[in-house]
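J.: Per TrEMBL, the feature GTP binding site maps to 206-213, 238-242, 260-263, 326-329, 346-348. The feature Mg(2+) binding site is assigned by TrEMBL to S213, T240. What TrEMBL lists as coiled coil is 159-193. The feature domain 'Hflx-type G' is assigned by TrEMBL to 200-368.
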Amino acid sequence: MEETLERAVLVGVHLDDDEQFNYSMEELANLAEACGVEVSGIVTQNLERPNPSHYIGSGKVKEILMFHDETDSNLVIFNDELSPSQIRNLETELDTKVIDRTMLILDIFARRAKTREAQLQVELAQLQYMLPRLVGLRASLSRQAGSTGGGVATRGPGETKLELDRRRIEDQIARLRRELDSVKSHRETQRKRRVKRDVPVVSLVGYTNAGKSTIMNSMLAGIGDGAGRHVLERDMLFATLDTSVRNIHLQDNREFLLTDTVGFVGKLPHHLVKAFRSTLEEAADADLLLHVVDVSHPEHRYMMDVTEDTLADIGIEGIPEVHVYNKSDLAGLEHPRKQGNSIWISAKDAGDIRTLTEMIAAKIFGDYVRVRLLIPFDRGDVVSYLNEHADVKDTEYTEAGTLMDVEIREADRNRFREFLAPSEE
Ligand SMILES: Nc1nc2c(ncn2[C@@H]2O[C@H](COP(=O)(O)OP(=O)(O)OP(=O)(O)O)[C@@H](O)[C@H]2O)c(=O)[nH]1
Ligand SMILES: [Mg+2]
């Protein structure tokens, strides 16, 4: 990949109630690094509220301008989301390219996305983000559609033919949406097949760099799987962008599917989270979530909050969850240790991974519960599944569908929770 040298001044506004400010600036520097951008310096300002026209005060703009020129920088990155007019005003005054945290994250995503679905989601998010900002952006189309490689500041044509650009982007958005729909329906088919196969799904979720992919690889190693099926693990933000699904076979002939997903990060804008909804649908479908936490990180409480908020944001709620406090070796904590729905491990320790796997198995295969399910008549597949796999106490045919009183595994109860009879919720 050709690397254009980019040097950026990072700018952060410390609002009164932001306790995570210092950490989020440090993270911004890591994000820039993940994007191949060199950080020439950091400028911050304490404010009660952002300035509507330039986000920062006018004196600060001058300070940034001087610093930018002195350090031979060619980019300014703001820690917060900027409005289209703020970008426009800042670029005019600073006479350089200005981007915000969202655009930086989108750029990383664009570089890392491998599967068609992830690529489409990133392209769509980029275009949607760009559209209202078109007037302000120096290199209006620079961050367009799959533009991996090259520099953040230098790609694409200038801001000529604005209207034409806008219409072209709108067309492109429509085209991407259609393609994404068809990719999604393919995924849907695969998932239905999985429900039929009766294999519970366990999803790894958590903040970026927590060790999700490492846990998946250690589990695969534990069952003697081929190295070719391992996923990428690396000490960098957003190493994983595509959902991977692997079969984990247990000794007693049972199995479950383990999915590894994109990590979360603070200040992730709502629409960006939405764009990843379809990748995360694997998690939405899971019987069990493994919320992986880097317990050695001083900000891990904040990272847990961000993860929980993001999950709620995309509508993933009510799925049983195990808190996996990973990197206990680095934190100097005793491991493995279990307590309630929490477990402390090191992903690098084979014994710990065995303990974790046992805990998962107990959760998904262990408990049977008695429930009443109301199954619509067009889901005969679910009825026959239950007849085969559950202890059916009673079956009644009502106007709304088949009402079944059954004893089923906890995992099945979660999988079929959309069919829970009203009194069960
Ligand atoms: N010492 C130690 N290092 C770990 C442990 N688990 C993961 N790591 C390291 O932490 C880094 C990040 O691990 P990944 O598995 O890539 O993290 P991830 O959660 O998949 O991150 P994203 O894909 O970016 O969301 C890698 O360098 C791992 O080797 C652990 O238990 N102990
Ligand atoms: Mg990963």
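Every residue gets a Cβ built from N, Cα and C, even glycine.
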J.: I need the CA-to-CA distance for K327 (GTP binding site) versus S213 (Mg(2+) binding site), whole Å please.
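T.: About 13 Å separate the Cα atoms of these two residues.
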J.: Checking the binding-site residues K212, S213, S346: which ones have Cβ within under 6 Å of ligand 2?
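T.: K212, S213, by Cβ distance under 6 Å.
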J.: Taking DSSP as the reference, which of helix, strand or coil describes S213 (Mg(2+) binding site)?
T.: helix
J.: Over the coiled coil (159-193), what is the model's average pLDDT?
T.: 79
